[in-house]
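Below you'll find the structure, written out as structure tokens, and then a few comments.
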Amino acid sequence: MNNACSSSPCQGVATCVNTPGERGFQCHYPPGYSGITCESAIGSCGADSCQHGGACHHGPVQPVCICPAGYGGRFCEIDHNECASSPCHNGAVCQDGVNGYFCFCVPGYQGRHCDLEVDECVSDPCRNEATCLNDIGRYTCICPQNYSGYTGAQCETDINECSSNPCQSGGECVELSLEKQYGRVAQLPSSLGNRRAAGYVCACQPGFTGIHCEEDINECSSNPCQNGGTCENLPGNYTCHCLFDNLSRTFYEGPDCSDVLLGCTHQQCLNNGICIPHFHNGQHGFSCLCPSGYTGSLCEAATTLSFGGNSFLGVPHGSHTAQSSVCSIAFRFQTVQPTALLFFQGNRDLFAKLELLRGYIHLSMQVRNQSRVLLHVFHDASDGQWHSVEVVFAEAVTLSLTDNSCKEKCITRAPSPFESNRSICAFQHTFLGGLPVEMTRDDFALLNIYHTASTPSFVGCLQDIEFDSNHINLENISSGLSLNVKAGCMRKDWCESQPCHNRGRCINLWLGYQCDCYRPYAGPSCLREYVAGRFGQGGSTGYAIFRVDENHGQNFSLSMFVRTLRPSGFLLALENNTYHYIRVWLERGRLALLTPGSPKLLVKFVLSDRNAHLISLKIKPNKIELYQSAQKLGFISALTWKIQKGDVLYIGGLPDRQQTEINGGFFKGCIQDIRLNNQNLEFFPNSTSNVPHHPILVNVVQGCPRDSACKPNPCRNGGTCSALWDDFSCACPAHTAGRACEEVQWCELRPCPPSAHCQRVPQGFECIGNAVLKGQTGETVFRSNGNITRELTNITFGFRTRDANVLILHAENKSAFLNIIIQDSRLLFQLQSGNSVYILHLTSLYSVNDGMWHQVTLSMTDPLAQTSRWQMEVDNRTSFVTSEIATGSLNFLKDNTDIYVGDRSIDSMRGFQGCLSTIEIAGIYLSYFENVHGFTNKPQEEQFLKISTNSVHTGCLQLNACNSNPCLHGGNCEDLYNSYHCSCPLGWSGIFCEFNIDDCFSNPCIHGNCSDRVGAYHCRCEPGYTGVNCEVEIDNCQGHQCANGATCISDTNGYSCLCLGNFTGKLCRHNRLPSTVCGNESANLTCYNGGNCTEFHAELKCMCRPGFTGQWCEDDVDECASDPCVNGGLCQDLPGRFQCVCDVAFAGERCELDLAGDMTSDILTATGSVTLVLLLVLLLAVVASIVASKRATQGAYNPSHQEKEGARVEMWSMMPPPAMERLI
């Protein structure tokens, strides 16, 4: 076949293939070509085939455009949008370009993609070392406030720290940021820095220091004042108060008191004036400090004036400053007058007046007959002491009491009532101490001051009178402008000689004195006593009658002294034409008052005590009050009574004896100094008394004599009588008592046994004690002695018990009987007596068997009746139990009736067990100490006698004997009433259960030591034993922990484990050989002795270390089996190798070297023989140890010893330590 393709007929990219036929080939070409030889291209490029500069390539069908970057499409007509992928970040706007894009960034970002944040702080916009904080599109300046002192957006503004004016005491505030001040102000640092610009310093004025100049420097600390001068610290300065030496009369002056002042050396101030030297213009001089009452350069002029009554001192016109709108008057005064005129300025129509009213200073001002100003200082100024007063007339009128005795509210003021103050300051005359009387001087008439209502003239002393600071004294007062005024203060202490007697109070009246007498005394010196009237002298009956001689209206008082010992008696009655409208008498020693239409008033105060009491009645509209001295005793509402002329006052009784008896009977005692209001009603007026009508006296004796109460002698048993006022007193001999020594003090004779208490009773004594009854058979029986005459209407006793059903008392006589029992824990009282056919029952409201004391009173509600209901009172409670029926009294106990106490004599009831006090029947005791030999028999006639012979135990405690918890250690206390008994718990003994019983005394521990405990013991067992008494031998193998089939062997100190096979350890828990483990839960293999566990062809095998063999490398290869050691060497098998121990003459690995050959060798041989023997012994010991270690298949474990944590190395030191194990 011809190779038609050899001539390469196909063009371009066509492939030529030989084919049969004429041409002998065929051209195969890609799409876009045509023709037999592929000579024609289907898609050819034109001039504008591709846009935007695209490269055109011929295509099989059409041209192919290769577009430049940024364009696409068939003809490169599409511009690609590079912004479609949002390449711009942080909110930037993307603008598409040709084959690219542009990002328009928002403020604060930069970069091609706006992904870089702009650092606005790069330009360092913050000033004064502030910190710039970058933010998105902006920045913030953080001013360092703690030290910079700047503010503003860029910290450019200086903070004015001085705006709050922090510097005190005039200090200058300087800001640290003011650079121009540096170097001028000492407090500033050496240089300015921004870190020092915050804050301020204070440049202090001299004398001050501190951060804010708040501290005043104490200039006195250096003690600048000399010669004893006192330094006073001042702000920024000091001053010296120089000392005046009274002894040497030396003065000092100057800034530091170093200059001696000589002005007083040869000068003397008069009238105790103090000389004050000074030094001026190079000259020594002095001035006098005058005391009150003197003035002048030498204190030579007296300014004290005495006003002796009906006095005045006229101060001439011109004493006030001319045409002044402010004027004043001041002076000191001393008086005892409560009411007096001090000064008067003006005339009848226009004046100012200062006066004392009831001891208080009052200033009043009047304009055209109308009072405009009234000022008061409520401080007592009439006490005879000096007081200083000042009045200032200005826009306001001021009244001041300026002395130290006035403590509060000493200044008062009010608006001036005058249109112009000049009108009051321009008064022509001012009068001190009083006003001139009519016709004293002709020119006074022009003042129109006569008959001006005024207070009394001043009596006392005025001193240091000043009008607008101008001193006024007698020398500058014209003649005729004063009356009864003298220089000086002439005052006598009239009370110094104590002219008032009988406790009278002396009142100094300046020109004399007055005695304020205590009642019943009167007279100029309280020497006259109003004569008392004695009523009931010698048992007589009498009274006094006074007739009222004037009207006293509806407000009046009636008072008198009353002295009596009798608790009842008529005192007074007021009678008009109709009836007695007021009556007062004594009832049980207390005042009783009765008036028609009102209930009786009975006060609590007792007057019948032999002392004199001043009683007063104050009668007011609709009320009458009773007083004892100043103590109000009571009052009643009453009709309004008027005491009128012609009314009658009865004292001590009434002419009508029957009416007198109704109100206490005739009075016995003394009545003195009767006063109706301030009018004295005298029983025995003398000839000088101004009494219009004398009283009518019936058996009223003058004075207050006593009745002789000792005749005849009222004292009995040899007592001595002493007479008292209307009474007597007996001096009784030993062992007697009573008002008339009628009672023998039997208890002072100690008539009772030591266990009893002696109790006084009328005409005798009783021996009292608390009985302790045991409830045993033995009667305690009482019976009347036949002399009892009183009515037996009550019974009283006390008891304490814990029994619920016991008998306390039983008595029976024919149909009458008495039972007092405790039934079902409650007290039951049963009584049938008199003619009653009913049995009375009373049961207490609550249980009484609580072991506590209970006091019981059973009594008739009407003890004067033949039959009465009875009531039960327990423990003084207000809730009584009262019977519904009535029965008789206990009088049947008088008639030979036996009274059984604590005996079980009825209904087989148990006898009383507990404590029982001495029973008292109507005041007659049932004493347990009757008929005691050797003691005094009781003298009283009425008695209940103890007729039983058995003795009664006494001494029962008042409280439960167990209250003090005497039993220790939980012992149970039993109250035995007079003692107690402790029932001790297990392990304790003794009276108080105070001893611990030794429970080890019987040696209960068989194989151990005994420790005593409370009510028990404890055995500490020897090793190998247990049990309460160490009686059980311990099998230590019970619950043993021997593992891997080991055998437990018990011993004394625990147990040991005998291990099997390849296990070791105290509990046989560990493999004897070092091992490794491989595999998983379904298949695993353990290789011993360091064998390497591997997996080979899905099979686990052990790759043994040299010297070991076996499936698990458990067998040690015996390298000595071939006997490698020669010349008698001893082979020692070691893991994986052997070692020869040679004879002394041989050496080498197998002892193959012969060391013998010469003399030295012989010596060595001789010496070595001995050594060889020793080595052989040592070698045998080593071999035995190795063999023993190889054959060790057991361990021992003592549970009492704790295993120590550490590696258990047995054959290979590389074995990891097993976990520590313990027996639990």
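Quick reminder: no glycine exception, Cβ is built from N, Cα and C everywhere.
Listed in TrEMBL for this protein:
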DISULFID  CYS10-CYS27  disulfide bond
DOMAIN    41-77  domain 'EGF-like'
DISULFID  CYS67-CYS76  disulfide bond
DOMAIN    79-115  domain 'EGF-like'
DISULFID  CYS105-CYS114  disulfide bond
DOMAIN    117-156  domain 'EGF-like'
DOMAIN    158-214  domain 'EGF-like'
DISULFID  CYS204-CYS213  disulfide bond
DOMAIN    216-258  domain 'EGF-like'
DOMAIN    260-300  domain 'EGF-like'
DISULFID  CYS290-CYS299  disulfide bond
DOMAIN    302-489  domain 'Laminin G'
DOMAIN    533-704  domain 'Laminin G'
DOMAIN    706-742  domain 'EGF-like'
DISULFID  CYS732-CYS741  disulfide bond
DOMAIN    770-956  domain 'Laminin G'
DOMAIN    958-994  domain 'EGF-like'
DISULFID  CYS984-CYS993  disulfide bond
DOMAIN    996-1031  domain 'EGF-like'
DISULFID  CYS1000-CYS1010  disulfide bond
DISULFID  CYS1021-CYS1030  disulfide bond
DOMAIN    1033-1069  domain 'EGF-like'
DISULFID  CYS1059-CYS1068  disulfide bond
DOMAIN    1074-1114  domain 'EGF-like'
DISULFID  CYS1104-CYS1113  disulfide bond
DOMAIN    1116-1152  domain 'EGF-like'
DISULFID  CYS1142-CYS1151  disulfide bond
TRANSMEM  1163-1188  transmembrane segment
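Recorded features from TrEMBL, shown on the structure.
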| residue | record | contacts (Cβ under 8 Å, 6+ apart) |
| --- | --- | --- |
| CYS27 | disulfide bond | PRO9, CYS10, GLN11, ALA14, THR15, CYS16, VAL17, GLY35, ILE36, THR37, CYS38 |
| CYS76 | disulfide bond | CYS50, GLN51, HIS52, GLY53, GLY54, CYS65, CYS67, PRO68 |
| CYS105 | disulfide bond | CYS88, ASN90, ALA92, GLY111, CYS114 |
| CYS213 | disulfide bond | CYS167, GLN168, SER169, GLY170, GLY171, CYS202, CYS204, GLN205 |
| CYS732 | disulfide bond | CYS715, ASN717, GLY719, GLY738, CYS741 |
| CYS993 | disulfide bond | CYS967, LEU968, HIS969, GLY970, GLY971, CYS982, CYS984, PRO985 |
| CYS1010 | disulfide bond | ASP999, CYS1000, ASN1003, PRO1004, TYR1017, HIS1018, CYS1019, ARG1020 |
| CYS1142 | disulfide bond | CYS1125, ASN1127, GLY1128, GLY1129, GLY1148, CYS1151 |
Other CB atoms, at most 10 A from the CB of CYS1021 (disulfide bond): 19
For CYS1068 (disulfide bond), the one of CYS1021, CYS1030, CYS1104, CYS1113 that lies nearest, given that the disulfide-bonded residues are compared by Cα: CYS1113
Helix-strand-coil residue split for the domain 'EGF-like' (1074-1114), DSSP-based: 0 helix, 22 strand, 19 coil
Secondary-structure category, per DSSP, in which CYS27 (disulfide bond) falls: strand
Those residues of the chain, 6+ apart, with a Cβ under 8 Å from that of CYS290 (disulfide bond): CYS269, ASN271, GLY273, GLY296, CYS299
Cα-nearest neighbour of CYS1113 (disulfide bond) within the listed disulfide-bonded residues, CYS1021, CYS1030, CYS1059: CYS1059
Long-range neighbours of the domain 'EGF-like' (958-994), counting only residues six or more past its ends (CB under 8 A): 770, 772, 800, 802, 851-853, 914-915, 1013-1016
Minimum Cα separation from CYS1059 (disulfide bond), reported as the residue among disulfide-bonded residues CYS1021, CYS1030, CYS1104 that achieves it: CYS1104
Secondary structure content of the domain 'EGF-like' (260-300), with strand meaning DSSP E or B: 0 helix, 18 strand, 23 coil
CYS1104 (disulfide bond) to CYS1021 (disulfide bond) - Cα separation in whole Å: 54
Other CB atoms, at most 10 A from the CB of CYS299 (disulfide bond): 22
Neighbourhood of CYS1030 (disulfide bond) by C-beta distance under 8 A, where only residues 6 or more apart in the same chain count: CYS1005, ILE1006, HIS1007, GLY1008, CYS1019, CYS1021, GLU1022
Within the domain 'EGF-like' (117-156), residues counted as helix, strand or coil by DSSP: 4 helix, 13 strand, 23 coil
Tally of DSSP helical, extended and coil residues in the domain 'EGF-like' (958-994): 0 helix, 10 strand, 27 coil
Neighbour tally for CYS1068 (disulfide bond), based on other Cβ positions within 10 Å of its Cβ: 25
Largest tally of Cβ atoms lying within 10 Å of a Cβ, found at which of the disulfide-bonded residues CYS67, CYS204, CYS1000: CYS204
Integer mean pLDDT for the domain 'EGF-like' (79-115): 87
Structural state census, the domain 'EGF-like' (1116-1152) (DSSP three-state): 4 helix, 13 strand, 20 coil
